[in-house]
Protein chains: 2
Amino acid sequence: MTEPLRLGIAGLGTVGIGVVKIIRRHAALLEARTGRPVMISAVSARDAGKDRGVSLTDYAWETDPVALAVRDDVDVFVELMGGHEGAAKAATEAALSAGKDVVTANKALLAIHGQPLAEQAERAGRVIRFEAAVAGGIPVIKSLTEGLAGNEITRVMGVMNGTCNFILTQMQATGQGYNALFEECGRLGYLEADPNLDVGGIDAGHKLALLASIAFGTRPAFEDVQLEGIQRIQLADINAAADMGYRIKLLGVAQRTARGLEQRMSPCLVPANSPLGQLEGGTNMVVIEGDSIEQVVLRGPGAGEGPTASAVMGDVLDLARGLRIATFGQPAATLQEVPAAQTGLPAPFYLRMGLLDKPGALAKVATVLGDAGVSIDRMRQYGHSEPTAPVLIVTHKCTRAALDAALDGLAATDVVDGTPVALRIEEV
Amino acid sequence: MTEPLRLGIAGLGTVGIGVVKIIRRHAALLEARTGRPVMISAVSARDAGKDRGVSLTDYAWETDPVALAVRDDVDVFVELMGGHEGAAKAATEAALSAGKDVVTANKALLAIHGQPLAEQAERAGRVIRFEAAVAGGIPVIKSLTEGLAGNEITRVMGVMNGTCNFILTQMQATGQGYNALFEECGRLGYLEADPNLDVGGIDAGHKLALLASIAFGTRPAFEDVQLEGIQRIQLADINAAADMGYRIKLLGVAQRTARGLEQRMSPCLVPANSPLGQLEGGTNMVVIEGDSIEQVVLRGPGAGEGPTASAVMGDVLDLARGLRIATFGQPAATLQEVPAAQTGLPAPFYLRMGLLDKPGALAKVATVLGDAGVSIDRMRQYGHSEPTAPVLIVTHKCTRAALDAALDGLAATDVVDGTPVALRIEEV
């Protein structure tokens, strides 16, 4: 096949412009690699007049992305608008109906509507590709769906929100608190319009739902991701974790267990000397474990013009080369609907609480934990000037259910000030 | 396509048996992912009677791998014998002539004969796949050829010989010398029959030549790899490097420069806190840098039954799914023949030498370096009881040619005992 592959690109923000730049800069290289020219027929964005630093005059302009998606001179609809409803969804559906393949960076759209969209794509004999939706430039979707396809995947983990990892590593590096760094992220433009997408773990949760689907052959089920943000992490936690040889990361973990599919996105402690523990700043990392591969770790930039455009182009070039597999790695009808595991596999937990200065307070805590079946591996009580004494506990492995029972028990005592911070320690 | 994909597997060592086990264990999973059964028609190995811990009675047995390669009931010839001449080469050629695709773990065969084999495959309309030949289970060939195909690759680096990395990290961890650990590797079965393949950098050099070809669109040219083994590394080097914040790794680096294609496989210093510096034991790591992606780091097991079989199966399953691209990522006829860069890009170097106890010795060394255009960044002279004083020097960036001139100059003085150790410090 030597006819050009013709793209329609909807959304000319950072990523869209990055894609345009690659296609303009590397026309010869891309043709050498795929055997055919890769070209842009048309683009769409809200503001046609804006200077985007690259010439767009060679391309037809559509105001309406749906009109772009169905153009006769478009083979692949590249959706870079974002948002899980509205124009992105309508244009993706229109593109599939019109027999176009779709390449998208839209994690929310696929995490929430992935199943019906994949089914629609298959009915039309088309595919949806979404490498750019997960972990930016890291070719993790391809590695998991194709390179590691001979494995039964046992666990997938990832640090996939650069803003959260920036805040957590800067807390440790600079000694600033969460609020100060959150505000700094706002000034630097690192936060989504709704910051809860970042610090609440929603953005990373969308990515985890997509990884879980392709890892385990299950329907994408974002609604089943157990979400916990980083807003409650204090400098005291960062420092206590470091003292004990850990780092705190907003970590996504997906695992298929006898009790169902476990999908957690929450702040966890990981060993400081592990690849995940060593990951600093905005870089992303995905850890894939399988029955044959043991463990593969992929690390790279999780956002930005170049890296995300690189991922989009990886998908586009696969299509140019005629490489096509089902959206989630196997036919949508065969994706399993697996119940969500109500509780994670047992793990050690980190607890931090303020203990009121009363006789026997520590003994009460130990008794409550013991009664709930939670045994203590390590405990530290720090000197203090306030009326409450900071106490850190690392438990032996226990279930989250047992831990929650213990937390309820602690709340019923009169010795614990406020709600303890409880973080899972993930074995990596 | 729902007919089975039928394999003929030549070579039933660790990797071959690993492949058989995956196909037996995961028949349903593999069929769900590819849409068709993946089965083994026939196998071959030297000793038919040997107990290999898995039943082979379902498969036809061929004593001659060439006979296996051309069987009518074989679609894909899986070559796991190794060796760059003899049976592996003859059987691969026979398979291509008979219209079979080839999946191989044979780095030497492709690094040396890759160009004519790729041409033969294309004439036959077939492909050769070789994920397992480079960095074991890490899906690096796929990441580079497909996932990152939108990038102009600027540099590829890798620690790709687990035995060498085991020796180097154990020297630091245990304080044992090179010879003791070399012998331990022999006892543990970590060494190739010809140990120079490992410690001389040849095995890793084969892998680098394959990476360079797909990264830069050039003909595989193992003969142009500048090879240097780890045999001269002493504990003193390991410790001195650590003191200065570095680790010593057998590092492959491929870079396309204005002066030609640079391919180096040699012991280098890398920052201790970089992903490469933190890599311990037998694990492999490949670092890929491109104009859009910035840097991606892939880490995983570089050898072993499961991981290598996982890589073989990745290739097999691509073929089952109909995913086919040219052997080295673009048509063999378009691969460029690029001259080898005669000297690497400038870099800082680490030098260790024994200085004879003569007045003005250090001044002579400094003068010789200066005359050769090599300026000194840091120098340390250690206290000593022997007649020679250990001296460590870190240079500012200079070319290897300038450094070699300085080394010649030092040999011509009467103050340096023996040949200095000179290692490049790679910026990673």
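Any Cβ shown, glycine's included, is placed from N, Cα and C.
Where the annotation comes from TrEMBL, it is an automatic prediction and has not been curated.
What TrEMBL records for this protein:
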type: ACT_SITE; residues: A:LYS207; note: active site, proton donor
type: BINDING; residues: A:LYS107; note: NADPH binding site
type: BINDING; residues: A:GLU192; note: L-homoserine binding site
type: DOMAIN; residues: A:350-424; note: domain 'ACT'
Review point. So, in DSSP terms, is the residue listed as 'active site, proton donor' helix, strand, or coil?
Key: helix
Exercise for review: Measure the Cβ-based neighbour count of A:LYS207 (active site, proton donor), defined as the other Cβ atoms within 10 Å of its Cβ.
Suggested key: 28
**Study point:** Segment confidence, the domain 'ACT' (A:350-424), expressed as mean pLDDT
**Key:** 92
Check your understanding: Helix, strand, coil residue numbers for the domain 'ACT' (A:350-424) per DSSP?
Key -> 23 helix, 31 strand, 21 coil
